[in-house]
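The block underneath contains the structure these notes are about, expressed in structure tokens.
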Amino acid sequence: MAENRERSGHVLVWEQADMATDEGILPAKRFGTRHYIVFMLFLGMANAYVMRTNMSVAIVAMVNQTAIEKDAEVFDDECPDTDYGDDNKDDERDGEFIWSTSMQGYILSSFFYGYVITQIPFGLLAKRYGAMRFLGWGMLINSVFAFVVPVAARQGGAGWLIAVRFIQGLGEGPIVPCTHAMLAKWIPPNERSRVGSIVYSGAQFGTVISMPLSGLLADHGFDGGWPSIFYVFGIIGTVWSIAFLFTCHEDPVSHPRIREDEKKYIQESLWGNASVHIPPIPWMNIAKSLPFYAILLAHLGQNYGYETLMTELPTYMKQVLRFSIKTNGVLSALPYLAMWLFSIVVGWVADWMLTSGRFNHTLTRKISNSIGQYGPAIALIIASYTGCSRALTVAILTIGVGLNGGIYAGFKINHLDITPRYAGVLMAFTNCSANLAGLLAPIAAGNIIEGKPTIAQWRIVFVIAACVYLFTATFYNVFASGARQFWDDPENDEPQKPSIESPVHSEMNGSNVGSNGTTGATLTHRTINEQSSD
């Protein structure tokens, strides 16, 4: 095999495909329990992004635009006016609340602050106590408090609304680290690329659904329009959360209805899965790990560049090209749709590369990530030179964001390769840091273009974002690895004394207490001596 290791006593992740075929443990190619888990995680990710983005649409209908004293918006006169209709027509709608632009900013950002501060705590808690219930209950809190949004806004004003959105953000905090932790327990290594792409592309799917549907509900919904956005999505989120809590389980061993052949297939494909005990997090080794820093920098660059692509390019088209992409719901959702579709395709291709034996995990991750980050970088540079061509700018935006879907088979799933047992913890750290880095994009752009939104100034914004993409992607290509790191090798774990206590579900446990009180069988170790090509 192209990827292997000199180890004995454990089934290696890189040998999963051939091992399954040779020993006849590969389950029939039909919808299995792990596929249902993946489907539910995809819906959960979509739900999370719906809850995150629906306020940006709702607040337009909530605010009395004509009652707000507005500063004259500065436009560049290098490009002629468009003939696409009155872009300010929507601004004439009178809402219920007189909130200044700065107050609207506080309302929109309150969710984000709640979301960010819970990333690392939930990553650590998921490792110790399991991820499934934190994810389900967190999203239930998020969904239930969506019903409170209209009441808080109408009865308590902006202050209460900010508090409610902050609580919603707290509830959504577990979504990424806990999803990563569950993928580590359920998904065989050679399925990770496509499964990770499917699950995390739920973010784009949720945005595609949320933007046009929220606009439709704001215009034609009940209870004044905008409240129906939170009621409808609150119901959907609550139903998903309850279904997830009652039908999903932490890992294959604890699932009472999984087929025996599928459970054996999953467990034997996970290296070191016979170890119940997960030792303390090796912080010092992680702190010295270049593959970890490669993932961290790639994540930082991704969020900075993504925020530039999705937040600043529409502003550029409005101020410079005189064309607001928000006037057309299809065009607004088109980049997200392109990213969703491409991420699924690149995930399947990446797994084919692995199972073909021609590419190892390291090379596959680097190729996928290069597409996902070099592609948008080139698109940003091209967009800065498109001049007044509106159609070309929209096309570049769509292609750039579409290619960005390659990251889901790149750094986004790479945590699971280098450390399956601590993947949720590492994702919590990188996702928290990356979301903070994403704040820099609008701040930098705002300072550069303030008072002078010319094509030349906007070119600086785009080139800076492109350089961030290029640097972080190159750093990833130099130092990233698809090999499981030595500090997550079960053979290096200290022997554990027998305990009468029930083992706690953890990220890579292979023996646990099932729902009927019986203990899952511990897999027999096999000896495989191999050479590493990573």
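Cβ coordinates are placed from backbone N, Cα and C, and glycine is handled just like the others.
Those TrEMBL annotations? Automatic predictions, nothing curated.
What TrEMBL records for 509-520 is compositional bias 'Low complexity'.
What TrEMBL records for 521-534 is compositional bias 'Polar residues'.
The annotation domain 'Major facilitator superfamily (MFS) profile' is assigned in TrEMBL to 33-484.
If you look up TrEMBL, you'll see 489-534 marked as region 'Disordered'.
Beyond its flanks by at least six residues, the transmembrane segment (36-52) meets 111, 115, 135, 139, 142-143, 146, 168, 172, 175, 179, 182-183, 186-187, 195, 198-207, 209-210, 233, 236-237, 240, 243-244, 247-248 of its own chain at Cβ-Cβ distances under 8 Å. Feature annotation from TrEMBL assigns transmembrane segment to 36-52 (among others).
Marked as transmembrane segment by TrEMBL: 103-122 (among others). Away from its own ends, the transmembrane segment (103-122) comes close to residues 51-52, 55-56, 59, 63, 134, 138, 158, 161-163, 165-174, 176-178, 428-429, 431-432, 435-436 of its chain (Cβ-Cβ under 8 Å, at least six residues beyond either end).
For the transmembrane segment (134-153), the residues of the chain that approach it from at least six positions outside its boundaries are 44, 47-48, 51, 55, 62, 96-97, 122, 125-126, 160-161, 163-165, 167-168, 170-175, 178-179, 182, 223, 226-227, 230-231, 233-234, 236-238, 240-242, 244-245, 248, judged by C-beta separation under 8 angstroms. The feature transmembrane segment is assigned by TrEMBL to 134-153 (among others).
Long-range contacts of the transmembrane segment (229-247) within its own chain (CB-CB distance under 8 A, at least 6 residues past either end) are made by residues 36, 40, 43-44, 47, 50-51, 54, 57-58, 132-133, 135-137, 139-140, 142-144, 146-147, 149-150, 210, 213-214, 217-218, 221-223. Positions annotated as transmembrane segment by TrEMBL: 229-247 (among others).
Proximity of distant same-chain residues to the transmembrane segment (333-355), defined by a Cβ-Cβ separation under 8 Å and at least 6 residues beyond the stretch ends, is recorded for 17, 189-198, 200-201, 204-205, 207-208, 211-212, 309-310, 361, 363-365, 367-368, 371-372, 394, 397-409. The transmembrane segment annotation in TrEMBL covers 333-355 (among others).
Look at TrEMBL and you will find 391-411 (among others) tagged as transmembrane segment.
Annotation comment: TrEMBL describes 423-444 (among others) as transmembrane segment.
Residues annotated as transmembrane segment in TrEMBL: 456-479 (among others).
Taking Cβ pairs closer than 8 Å, the transmembrane segment (391-411) reaches residues 193-194, 196-197, 200-201, 204, 294-295, 298-299, 302, 305-306, 309-310, 313, 316-317, 321, 325, 331, 334-336, 338-347, 349-350, 364-366, 368-373, 375-376, 378-380, 382-383, 476, 480 in its own chain, all 6 or more past its ends. Under 8 Å from some Cβ of the transmembrane segment (456-479) lie the Cβ atoms of residues 290-291, 293-295, 297-298, 300-302, 304-305, 308-309, 312, 316, 320, 366, 369-370, 373-374, 376-378, 380-381, 383-385, 410-411, 441, 444-445, 448-449, all in the same chain and six or more residues away from its ends. Per-residue confidence over the domain 'Major facilitator superfamily (MFS) profile' (33-484) averages out at a pLDDT of 82.
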